[in-house]
Amino acid sequence: MHILADENIPLVDEFFAGLGEIRRMPGRRINRAALEGVDVLLVRSVTRVDRELLQGTAVRFVGTCTIGTDHLDLDYFEQSGIDWASAPGCNARGVVDYVLGCLLALAEVRGEALARRRFGVVGAGEVGGRLVEVLRGLGWDVRVCDPPRQTREAGGFVTLDEVIAECDVISLHTPLSMSGDCPTFHLFDRQRLSGLRPGAWLINASRGAVVDNAALRDLLLQRPDLEAVLDVWEGEPQVDVELADLCRIATPHIAGYSLDGKLRGTAQIHAAYCAARGLEPTVELAQLMPGPALAGLTFAASAEPAEMLATLCRAVYDPRRDDADFRRSLQGDDAQRRAAFDLLRKAYPARREIDGLAVRIEGDNPALTAVVSALGARLLR
């Protein structure tokens with residue numbers, strides 16, 4: 001069996017070497033010619049996998065080590081009998097850590113207490129749902145908009161218009177869909193963006209085209225009271241440089257790039273492939289996951305909950321380095337910037353997740369215990 005994998009997918013050898021011959025190449029360069037003789041294709045979101053790519057090839061399994069599937073032509077897979085798998089939830093914790101880091105950075109710049117703001121989460125699937133749990137666990141006021149879930153579950157949801165009208169912070173976590181009952185392409189269009197509350201913060205760590213980038217650029221030029229955090233961009237790896245300059249935090253689609261999430265994605269695809277072929281997995285992620293570099297953190301019982309929150313979040317992620325690296329990359333011509341975007345992602349340093357932290361509190365303080373519990377860190381007793 002022959003396997004072609006995006007070169008940026010980790011642990012491919014460890015999980016798939018016993019199943020066939022592995023070849024790697026950059027995801028954006030995968031084309032029909034590269035698939036000659038290939039049975040299994042392993043990709044990320046940068047590779048569009050559709051009829052044009054696959055027709056006439058021997059590929060019978062496609063695995064994407066990502067949550068989203070908007071780059072896969074699932075209808076064609078079904079028509080052609082091609083098995084496929086994604087990695088739902090693999091990087092959810094990493095994205096939550098990213099959002100928390102950005103919230104802390106914004107609060108510091110604006111001199112505002114996060115506990116006093118009202119949060120709106122648009123899209124409450126694997127990522128957004130986890131974020132809602134964390135924010136509510138911290139005791140913060142959260143509104144949730146998720147029309148597909150609202151049709152299946154009773155209560156607890158609000159409309160998008162209510163989120164825009166009522167929330168000071170809006171974080172987007174929807175898939176990208178162009179049609180259907182709940183299309184999300186330009187979900188935040190010019191009209192909806194114009195309705196943002198004074199001083200609102202908008203965070204997009206979902207898909208670039210969920211927000212009309214040109215409309216957001218125009219709005220930020222007119223509304224200096226607003227703050228924008230963008231990790232995803234329309235037309236990636238091409239980026240609107242003027243829009244990036246106007247964002248408080250701008251990063252190159254790395255919100256979910258925790259080491260844990262990347263390895264989890266490969267493990268999930270391996271498990272899905274084995275299930276589809278009736279094989280017993282011979283490798284477990286726990287055998288390959290490295291231990292955290294930070295062994296643990298200890299707090300006195302007198303510590304302030306807000307300071308503890310900031311310390312724990314920044315122990316795993318602070319967006320300011322990624323923001324600075326990204327801004328330095330926005331030089332040169334379009335081709336140079338596109339190459340720099342991909343290079344930042346390819347060479348991204350190892351980042352761990354909050355739930356890998358071990359925390360000790362010297363004494364009894366229920367407020368501190370609540371912070372640890374909300375974040376999902378491990379409390380040592």
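We number each residue from 1, going along the chain as drawn.
Here the Cβ of each residue, glycine as well, is placed from N, Cα and C on the backbone.
Features of the protein shown, as given by Swiss-Prot:
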| type | residues | note |
| --- | --- | --- |
| ACT_SITE | Arg207 | active site |
| ACT_SITE | Glu236 | active site |
| ACT_SITE | His253 | active site, proton donor |
| BINDING | Ser45, Thr66, Tyr257 | substrate binding site |
| BINDING | Asp146, Thr174, Ala205, Ser206, Arg207, Asp231, Gly256 | NAD(+) binding site |
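Here the binding-site residues are Ser45, Ser206; the one with the fewest Cβ atoms within 10 Å of its Cβ is Ser45.
Within 10 Å of its Cβ, the residue among the recorded positions Asp146, Asp231, Glu236 with the fewest other Cβ atoms is Glu236. When the alpha carbons of Gly256 (NAD(+) binding site) and Thr66 (substrate binding site) are compared, the span between them is 9 angstrom.
Note: the substrate site is recorded as Ser45, Thr66, Tyr257; in the same chain, Arg44, Cys65, Ile67, Gly68, Asn91, His253, Gly256, Gly265 also have Cβ atoms within 8 Å of that site's Cβ centroid. Looking at Ser45 (substrate binding site) and Arg207 (active site), their Cα atoms lie 10 Å from each other. Thr174 (NAD(+) binding site): 25 other CB atoms within 10 A of its CB, across all protein chains.
Here His253 (active site, proton donor) comes close to Asp231, Val232, Trp233, Glu236, Phe341, Arg345: these same-chain residues lie at least six apart in sequence, with C-beta atoms under 8 angstroms from its C-beta. Asp146 (NAD(+) binding site) sits 16 Å from Arg207 (active site), taking the Cα positions as reference.
Thr174 (NAD(+) binding site) and Arg207 (active site) have their C-alpha atoms 7 Å apart, to the nearest angstrom. For the pair formed by Arg207 (active site) and Thr66 (substrate binding site), distance between Cα atoms is given as 12 Å, rounded to the nearest Å. The two recorded residues, Ser206 (NAD(+) binding site) and Tyr257 (substrate binding site), show a Cα separation of 13 Å.
For Gly256 (NAD(+) binding site), the count of additional Cβ atoms within 10 Å of its Cβ stands at 23 [all protein chains shown]. Around the Cβ of Tyr257 (substrate binding site), 23 further Cβ atoms fall within 10 Å across all displayed protein chains. Taking the Cβ of Ala205 (NAD(+) binding site) as reference, residues of its chain lying under 8 Å away and at least six apart in sequence are, in sequence order, Val95, Tyr98, Val99, Val127, Ser171, Leu172, His173, Val229, Asp231, Val232, Ala255, Gly256.
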